[in-house]
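*Asks:* After the structure tokens below, expect a handful of questions from me.
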Amino acid sequence: MSRVYNFSAGPAAIPEEVLFTVRDELLDWHGIGMSIAEVSHRGEEFIGVAEEAARDLRELLAVPESYHILFLQGGSRLQFDMVPMNLLANHKKAVYIDSGVWSNLAIREAKNYCDPHLATNAKELNYTGIPDQATWDMPNEAAYFYYVDNETVNGIEFPFIPDTDLTLVCDMSSNLLSRPFDVSRYGLIFACAQKNMGLAGLTIVIVHDDLLKRSPLPTTPSYLQYALHAKERSFINTPPTFAWYLAGLIFKWVKNQGGVAVLAERNQRKAAKLYKFIDKSNFFDNPINPTYRSRMNVIFRLADERLNSLFLKEATENGLANLKGHRLLGGMRASIYNAMTEEGVDALINFMGQFEKRHG
């Protein structure tokens, strides 16, 4: 069997060691004679899997005990609604940063519930960076301050945590577990699993206990209330058990790699070498301000975009899959999440160099 280097933005590459474990356990999990995908979500087997996954994630991210970790369904887009539904309380205003495609969608959704106040808008920079924080328009009062830590489509990543006294809410869908950060700075963090934590269909929410005391909007369905999910330990109904199990395996893998700090160093090396090659090239270009370049999603364009199809065809033939850019931006995108090896990035750089020699 020959596996390719998968640069998909999501669902994304899964560590091979994890896939081998899934293969070995799929028919008979730990000698029980059936798959973990077949057991009751309320049985002792899966309860053990779920609790261990939560403990491991808490340890990896140093999540204080004053936070609940929820394993929810619905993908990150559902959080665009759940956040205002649960956190607005008596406020009419929430603060947002428009840094790219995903924050823009969250802002549009928030308008159904409140007046989203833009602290700053990266559109004025053509989404190639974030305006200086000294220029942000920050109100003294608001329900929360929302931003996207890494914009997967635009290739922008925050190199800092915004300085604010407001309750900080962050979409970390594409870079959670990619570097250490201070969880205690945040009120709520959410991330879908299909980038760095496994399968689509699972979203992890880390929420401070104080926020669970806020009264949801009157029209909020019970299933969309964080407090109820926390009370029921994410077991209001049948959770996505296999995705939860796989996330737990990935948390074990991260621990075996040496933890989040070790992965952060590796991720920085991967991104740095790819950006270095692009910057030296006269054929490939990345428009993002270097300060805000994403370590997870490297976007680039060819000097002659008529060669895009040929580039993708030859890349696929060379075992480099899913490099096509997002439909809204075009061009190319190499998503190099935790599971992407340095060898995979080296193979991409080598191919790009050879392609430039032939067509540049």
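Residue positions begin at 1 at the first shown residue.
Each residue, glycine too, has its Cβ placed from N, Cα and C.
As annotated in Swiss-Prot:
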type	residues	note
BINDING	Arg42	L-glutamate binding site
BINDING	Trp102, Thr152, Asp171, Gln194, Asn237, Thr238	pyridoxal 5'-phosphate binding site
MOD_RES	Lys195	N6-(pyridoxal phosphate)lysine
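Thinking about packing and proximity, how do these listed features fit into the structure?
*Replies:* Counting only same-chain residues six or more apart in sequence, the Cβ atoms lying under 8 angstroms from the Cβ of Arg42 (L-glutamate binding site) belong to Phe235. According to DSSP, Arg42 (L-glutamate binding site) is assigned to coil rather than to any helix or strand.
Same-chain residues at least 6 positions away in sequence with a Cβ under 8 Å from that of Asp171 (pyridoxal 5'-phosphate binding site) are, in sequence order, Ser76, Gln79, Trp102, Ser103, Ala106, Tyr146, Tyr147, Val148, Asp149, Phe190, Ala191. Taken residue by residue with DSSP, Asp171 (pyridoxal 5'-phosphate binding site) is part of a strand.
Under the three-state DSSP scheme, Lys195 (N6-(pyridoxal phosphate)lysine) falls in the coil class. Within 10 Å of the Cβ of Lys195 (N6-(pyridoxal phosphate)lysine) there are 30 other Cβ atoms, across all protein chains.
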*Asks:* Whole-number Å distance between the CA of Thr152 (pyridoxal 5'-phosphate binding site) and the CA of Lys195 (N6-(pyridoxal phosphate)lysine)?
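*Replies:* One finds 10 Å between the Cα atoms of these residues.
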*Asks:* How many whole Å apart are the CA atoms of Thr238 (pyridoxal 5'-phosphate binding site) and Lys195 (N6-(pyridoxal phosphate)lysine)?
*Replies:* 23
*Asks:* Under 8 Å Cβ to Cβ from Gln194 (pyridoxal 5'-phosphate binding site), same chain, six or more residues apart: give me those in sequence order, or none if nothing qualifies.
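*Replies:* Listed in sequence order, they are Gly10, Pro11, Ala12, Ala200, Gly201.
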